[in-house]
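Visitor: Mind having a look at this structure? Questions to follow.
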Amino acid sequence: IWCLALYVSDAQYNRNIFFDTSPQAVRLYLLYNHWFMQMLVYVFIIINLALALFEDPALVPLPIWATSTIEIICLSAFTVRMVHYAKVIPRDKFWKDPKNICIIVILSFIDLTIYGALKATGYFAIRWSRVLRPLLLVNVTEGRQLRRAFRSIRNALPQISYVFFLFMFSVLVFSLMALKLFGKRGLLTIDGSPYFTNYLDIVFDLYVLVTTANSPDVMMPAYNYSVFFTVFFILYIVINTYTFMSFFLAVVYNNYKKYLKEEVRQLVKARRLKMCRAFSLLQETRGEGGEPVVTQAKWNHLVKLVKPNISIAHRELLWSVLDDQNKGHIGKIAFVQLADLLSIQVITVKSQPHPIQICFPSVYNSSVSRFIRYMVRTRVFVYVYDLIILVNAVFIGLDEENPVVSNAEWDCVLYAGGYTSRQILDIVFILRVVRLIRLVDSIKRFRAIINTLIKIGPTILTFGQLIVVVYYIFAMVGMELFKGKVQFFEPNSTSPDQEYCGNPLLKGTTFAKLNYCKNNFNNVVSSFIVLLELTVVNQCGFTAVTHVSARIFFVLFHIVVVIIIINIFVAFILEAFLVEYTFDKSDLQTSLEKKIEELEDGVDTGLVDAMESIDNELGPSETGKQKPSLMFKIASRRSRTVDGLLQRMFETDLRHEDFNEEEEPENINFSNPVFDSV
C-alpha cells in the first residue's frame, strides 16, 4: 500500500524517479523524499556556495583549514545522499542520472587536496573546482526545473548560433566600414585617443553599442565632424540593436516552446503512467466480465496515506467529484485524475458568528449596527475610502517642512497619537503609501494584470536560480582573473592611490574619474554586483588593468546571460503571462467548484448529510435548515508549481490519445544535462 501511495505522491509532485519496489527500497524512498531530508540537501548546498565569502579573495577571511573542513562536511553529505539514492533506484539506472554529482564531488575532493598541499608548501594555487559548486544545485534530484531550463538552452543553441553568426558578420562588416570612414580623418575621442583607428577596438565598441551602454559617446566624434555620419550609426542601431536582438528573442521563443512542449508531454506521460500503475495494483473487478474499478474504502485508505492531514470532509468532497454518479466506485479515467485533484488547494472553512455578535448580541443586532454594516458594504464607502487614500498620498508627496501640509497628512486619516519618534512616523508614512495599491486594484483591468503577475511570481524563481548559477560561475572566474586589480578606498581616506583606484594604469581614465573603484572582483559580493551591472550593460574598466583580451570575459558573459538566458526568461514570461491572463478553469476545478456551490445551496443532500455527520471533527454546526457550517473554498487559482504551470501552458496541445498508459515514456528518468550542455 505504501508503494501505491508513493506512485500517487510522485504523480502529484511530478517526481520522475522510478524506484525499486522492494519493501526496503520503498522505506528508503519514503525517507529520501521526506521534507527534512530535502531541506537538509539545500542547506548543505547553500553552505557550500557561501564558502566563497570566506575563501581568498574573501569578504570575511577564514583560515584554510576552517573552510576546507566545512567543504569536506558538505561533500560528505552529498556523498551520503548519493548512496541513499543508489539504494532506492535500480542499479542499471543509477549511473545514468546522478553521475554528474559523483563527478563534481570527486573533482572537488581532488582539487581540495591539491590546493591544500600547494598552500601548505608555499606555492601558488587556484581553487578551480569552485566553478562546479552551483552545478550541484542543478543536478540534485529536486532541481528538475533547473535541468529543464538548461535543456531548453541546450536545445535552442543551434538555432541561436545561426542568428548570432549572422549578427557578428554584420558587426564585422560595419566595423570595417567604420575603419574606412573614420580611421584616416584624424578624429579624437573625448580623452584624446585616436578615434576608430584599430579594427579590433572598433569591433568591441560597436558590439557595446548594440547594448546602448556607450551611446552616444561612441558616435560624438563623428557627429561633431559631420552630421551626415549619423546615418551610419542610425543604420547600425536599426539593423543590429533592434532587428537582430528581436530575431534572437523570436528564435529563442520558438525553439523554447517547441522543445518544452515535448518535455511536458513526457512529464504528463510519466505522471499518468504512475497513476495507472497504482490503479492496476488497487483495482478489483465488479461482477464477471466487468470493468476494473477502485472502491471508496480503498480510495479513502490510499488518500489518507498520501495526505495524512486531509480532513474527512475534504476527502468526501474529492470523492464526490470523482464519483459524480454516486456508484461507490470509480474507474481508471477518474482514478488517474486523483493527482491533479490533490494539487488543487482547497480550504476548509468553519462558519462562525461574529465575535461581537457572541459577546454583545443586542449591540450587534441593533439598528445602528445594521446601518453601519450596510454602509460598509456599499460602493459609496469604497469610493470615499479610496478618495481619502488619494488625497493623503498627494499631501505625503508635498513639502513636509510646511506645518500645514504635515498636519494635513494626518487629517486625512484617524490619528492615533502617542508617537514621538520621527523614525516611527517615517515608517508609518511609507506603509501608508503602500495603500495606493488599493486604488490600482480597484480598476478591473489593472487588477487583472497585477493578479497575473502575482500568479506567475513563484514560477519564475526557477530562472532566478538559473541566474544565480551562471553568476556564481562567472564570479569565481572573475575573482581569479581580476582580484586585487582595482581597490576601493573609503571616502575619508587620505591615500594618494584613491585617485586612481589603487592602480596607476587607471590614472586619468573615466573609470577612476567616475569613482567606480567599488566595482571590483575582490570578493564574491562585489563580483555579483559587477555582474549585475554588466547585465544591464554598464561598462567596465578591467581591460585597462589587465589585457585587451579581458574583453572576452565580459562579451561572453553578455552573450550567455543577456542574449540567451534573459531571452529564454522573457519567452517563459510571455507564455506564462498569456496562460494566466487568459486563464480558463480546468474541468476538474470546474467540477470541484460546482460541488462546493451545491454544498452551499444544499442541493447535494447526500454530501451535505455526510458533511454534517462528521461535523464534530471541527465543532458543532448551527441548527435549523441553514447552509452547513462546514464549507470549502478554492484557495488559489494559480499554479502552485512550475510543473503545474507548464502543463497548463500546453494542455490544449496534449491530446489524451497521445498517451498510451501501457507504454513507458521515452525518458522516464529525465537525465541530468552533461557538462557539455551546462
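Glycine is treated like the rest: Cβ placed from N, Cα and C.
Values in this document were obtained by computation on a predicted structure and should not be read as measured data.
Okay, so TrEMBL annotates it like this:
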COMPBIAS  667-678  compositional bias 'Low complexity'
DOMAIN    35-259  domain 'Ion transport'
DOMAIN    412-577  domain 'Ion transport'
REGION    658-678  region 'Disordered'
TRANSMEM  35-54  transmembrane segment
TRANSMEM  60-80  transmembrane segment
TRANSMEM  101-126  transmembrane segment
TRANSMEM  160-183  transmembrane segment
TRANSMEM  195-213  transmembrane segment
TRANSMEM  225-253  transmembrane segment
TRANSMEM  380-398  transmembrane segment
TRANSMEM  423-440  transmembrane segment
TRANSMEM  452-474  transmembrane segment
TRANSMEM  552-579  transmembrane segment
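For the listed features, I'd like the structural context: burial, neighbours, distances.
Guide: Here the transmembrane segment (60-80) has long-range neighbours at 40-41, 44-45, 47-48, 51, 53-54, 101, 105, 108-109, 112, 116, 119, 136, meaning same-chain residues at least 6 beyond its ends whose C-beta is under 8 angstroms from one of its own.
A Cβ distance under 8 Å defines the sequence-distant neighbours of the transmembrane segment (101-126), meaning residues of its chain 6+ beyond its ends; these are 64, 68, 71-72, 75, 78-79, 82, 132-133, 135-136, 139-140, 480, 672, 675.
Sequence-remote contacts of a segment are chain residues at least 6 beyond its ends whose Cβ falls under 8 Å from one of its Cβ atoms, and for the transmembrane segment (195-213) they are 171-172, 174-176, 178-179, 181-183, 185, 187-189, 221-222, 233, 236-237, 240-241, 244-245, 537-539, 548, 551, 555, 558, 562.
Within the same chain, residues 156, 159-160, 162-164, 166-167, 170-171, 174, 177-178, 181-182, 185, 187, 206, 209-210, 212, 215, 218-219, 563-564, 567-568, 570-571, 574-575 sit at least 6 positions outside the transmembrane segment (225-253) and bring their C-beta atoms closer than 8 Å to a C-beta of that stretch.
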Visitor: Could you pull out which residues elsewhere in the chain have a CB under 8 Å from any CB of the transmembrane segment (552-579), counting only those six or more residues past its ends?
Guide: 149, 152-153, 156-157, 160, 164, 204, 207, 211, 245, 248-249, 252-253, 256-257, 452, 456, 459-460, 463, 466-467, 470-471, 474, 477-478, 481, 531, 534-535, 537, 540, 542, 645, 648-649
Visitor: Taking only the residues in the domain 'Ion transport' (412-577), give me the average pLDDT of this model.
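Guide: Per the prediction, mean pLDDT sits at 78 for the domain 'Ion transport' (412-577).
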